[in-house]
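Annotated features in Swiss-Prot:
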BINDING   Asp7, Val8, Gly9, Asn10, Thr11, Arg12, Leu13, Lys14, Thr133  ATP binding site
BINDING   Tyr96, Gly103, Ala104, Asp105, Arg106, Thr183  substrate binding site
ACT_SITE  Asp105  active site, proton acceptor
Amino acid sequence: MTFLAIDVGNTRLKWALFDAAQPGAGLLAHGAEFLDHIERLAEGPWSHLPAPRHMLGCVVAGDAVKRRVAEQMELWDVPARWVVPSAQEAGVINGYDHPTRLGADRWVAMIGARHRLLAQGPARPLIVVMVGTAVTVEALDAEGRFLGGLILPGHGIMLRALESGTAGLHVPTGEVRLFPSNTSDALTSGGTYAIAGAVERMYQHLRQHCGQEPACMMTGGAGWKMAPSMTRPFELVENLIFDGLLEIAARRFAELPA
């Protein structure tokens, strides 16, 4: 039973075809397209794929993108199904004031991270960091309850904001330094340490709240940039959203008639 997982972010659509809708399924194919190029999927990379039995995705870019993806999926006559955050799913409890207003990507990544943690050993508090166009830092207790999270700009947004709002500053490529001694390095280091500082602060909050050292998982296209600057042990995971979609799909599609 092949399964298509789709993660639509702020700038790109990422997809992966698995040989089953369950955790640990084998990866058959994967790819990514910028949102402006979604219409290429059916006649391009998807044209050579076997028809998936089911599809499940998460999207932060709005209903218009959902419609565009659904049009591409007419290639297979497979309905497009999307995750909507709820009060509880796959063993994770949603502590947001209004659960359905939580970003679907955040919700799915937390589910993926929680089950990845449980597969490694006993339950413990967990910090989940996604580093992309925006950065999110989530806190879950040992029972799988989402307590709350932070949202802050990613590297690119920070640098563009400084460029547009500050006279004479342009956005060159710099390095992360302990003591930056030029503008390029100062900009890059400032953004990196801002993100690392947010993670550290949430780590301290969660440790104090739970009385236990949290685990930390990081994902997202720019996660590798943060690795050398992190002060706590962490696991860098290629795509927690796909992990979460597999967990959710295993439960949802098992309930559907064959």
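Glycine is no exception: its Cβ is also placed from the backbone N, Cα and C atoms.
Annotated features, which come from Swiss-Prot, shown on the structure.
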residue	record	DSSP (3 states)
Asp7	ATP binding site	strand
Leu13	ATP binding site	strand
Tyr96	substrate binding site	coil
Gly103	substrate binding site	coil
Thr133	ATP binding site	coil
Just to be sure I understand the packing, how many Cβ atoms besides its own are within 10 Å of the Cβ of Tyr96 (substrate binding site)?
17
Using a Cβ-Cβ cut-off under 8 angstroms and a sequence gap of six or more, which residues of the chain neighbour Arg106 (substrate binding site)?
Pro85, Met130, Thr136, Glu138, Gly149
Any further residue of that chain within 8 Å (Cβ to the Cβ centroid of Asp7, Val8, Gly9, Asn10, Thr11, Arg12, Leu13, Lys14, Thr133) of the recorded ATP site:
Ala32, Leu35, Val60, Ala61, Gly132
Near Asp7 (ATP binding site), which residues of its own chain have a C-beta under 8 A away, given they sit six or more steps off in sequence?
Leu13, Lys14, Trp15, Gly57, Cys58, Asp105, Val108, Asn239, Ile241, Phe242, Leu245
Which residue, of the binding-site residues Leu13, Ala104, has its CB surrounded by the fewest other CB atoms within 10 A?
Ala104
Counting Cβ neighbours within 10 Å across all chains shown, tell me which of the binding-site residues Thr11, Thr133, Thr183 comes out on top.
Thr133
Maximum Cα-Cα separation in Å among residues Tyr96, Gly103, Ala104, Asp105, Arg106, Thr183, which the record lists as binding substrate:
39
So what sits near Gly103 (substrate binding site) in its own chain, CB-to-CB under 8 Å and at least six residues off in sequence?
Val60, Pro85, Thr136
If I take the Cα of Gly9 (ATP binding site) as reference, which of the binding-site residues Tyr96, Ala104, Thr183 has the closest Cα?
Ala104
